[in-house]
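One structure below.
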Amino acid sequence: MNDVELVVLADEFGKPSGTAVKSEVHTTDTPLHFAFSCYVRNNKGDLLITRRALSKKTWPGVWTNSACGHLMPGETPEQAVARRVPHEIGISQDKLVNIACVLPDFSYRAVDSRGIVEWEICPVFTAAVTDDALLPEAEEVDSLVWVEPSKLIHAVHSAPFAFSPWMVEQLQHEALRTALTTS
């Protein structure tokens, strides 16, 4: 069995153009590739935010949205969310429900303090969990906390440097803020 994880590369028109090994793709010259971001809420309406593991290649130890990931070859963004989010936050797949795409055309490019680039076509999703007892994957998540969405939005606006650049940019979109603050 081949355990090499691939990411799907994109051309300048946003179409798949090949694959690259995930562990090798994030450099100072990262090619455009497909990913997703997801914001997860519990039954109280609180939002899960996670602190990226210190071992992450990009933005280690930074607070960010609930989960992010890359599409595998042949996979839709929705399928990637259903596969990857439960793995990262530590729940069974059947406990992740109500997956909805809020920002289908979101993309961004950001450079971290070491010059490593993230450049992604990254649809943004919301989802809910039916059980908020989580066991996060240590290679992905250092810690996590449930917060009121309005408090998170205020914190990101007040101190954007404390959060991932993609989350800061995503929360500038009214459609996402509305989806996170309404039931």
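Here the Cβ of each residue, glycine as well, is placed from N, Cα and C on the backbone.
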Check Swiss-Prot for me: it has His26, His33, Glu118, Glu120 binding Mn(2+), so pick out which one of His70, His173 it puts in that same site. His70
Summarise the model's confidence over the domain 'Nudix hydrolase' (31-169) as a mean pLDDT value. 96
Simplified to three states, DSSP reports Cys68 (Mg(2+) binding site) as strand
Cα distance (Å, whole number) from Glu118 (Mn(2+) binding site) to Cys68 (Mg(2+) binding site): 12
